[in-house]
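Q: Copying in the features that TrEMBL gives for the protein in this structure:
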- 1-20: signal peptide (SIGNAL)
- 71-91: transmembrane segment (TRANSMEM)
- 189-211: transmembrane segment (TRANSMEM)
- 231-250: transmembrane segment (TRANSMEM)
- 270-297: region 'Disordered' (REGION)
Amino acid sequence: MASLNVSLCFFLATFALCQASRRAAKALLPGGAYAHFAREAAGAAQLGACCLEMRMLVELGPWAGGFGPDLLLTLVFLLLLVHGATLDGASANPTVSLQRFLLAEASLPCTLLELAAQALGVQAAGALTRLYWAWGLSDLHVLQSLMDPHCSSALRTAVPHGALLEGSCTFLLHLVLLRLQGSLAVHRVLAVALLLTAAACTAGPLTSAFLNPALAASVTFRCSGHSLLEYVQVYWLGPVTGMLLAVLLYHGRLPRLFQRNLLYSQKSKYRVPRGRPVPGPGGSQTPEEGSRGRGPR
């Protein structure tokens, strides 16, 4: 359990440092620079560092630390809850930033700035986490530090199957985000944490269920076993396709590209009133018919 305690301290230190950096950036930077760069960079760094440490526990913990799957899944769920509660509105995910752009909720320069911040954040997190492993504070960190230069691919299935899994899980994630867009933050955080934990349980053994192109590029693109093109197909094209399908299914169109609804017919909000029959000496007739029937006598 000593290795687990070291990892828990790492998680706490990561959350504390990223939260401190968010508060400092919020106080020193203009609102736009904080919202579209500093907040995204800190959120991506937090996510990337915790993902690398959690991946080490999943791969080495069962045989080197005696950790069971129930403990690991519980830890994943708790980490996701803390992430959702501390990101301060940042997505830390390129597909979510692209979704905001396609929904005309963010401009192209702001979206590009967010994507750059996310890439910078996960790369910085990878470098700092590997430096932390090199300190050898636990047996698992010593093993991970020795194995890291020869890491194995997170993709353990065929490329089409992996792309389908990543795309399907991302599709469900974005449907949940779209459906809960106007709900309370606590409901969104809980729903996303439950969904991502379920994805880690089902698709995790085959693709690691990143559902995040920037995170996947930082964690597994450098590992041997597959080519760069195969990684791009699974971890970039799969999630982006899933996001596009979710937006199309929910809205029926891509607001940034199409004004007309592509899937659903739009009904007029205004209903034309119909004339009601009124009793008269000649029987039931509509007001229009009655007015037409009267003439000069």
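Note that Cβ sites are derived from N, Cα and C of the backbone, with glycine treated the same way.
I'm curious about the neighbourhood of these features; can you describe it?
A: For the signal peptide (1-20), the residues of the chain that approach it from at least six positions outside its boundaries are 42-43, 45-46, 49-50, 53, 56-57, 61, 64-65, 67, 79, 82, 86, 132, 137-141, judged by C-beta separation under 8 angstroms.
With a threshold of 8 Å between CB atoms, the same-chain residues lying at least 6 positions outside the transmembrane segment (71-91) that come near it are 11, 15, 18-19, 22, 35, 39-40, 42-44, 46-47, 50, 54, 57-58, 61-62, 97, 100, 114, 185, 188-190, 192-194, 196-197, 200-201.
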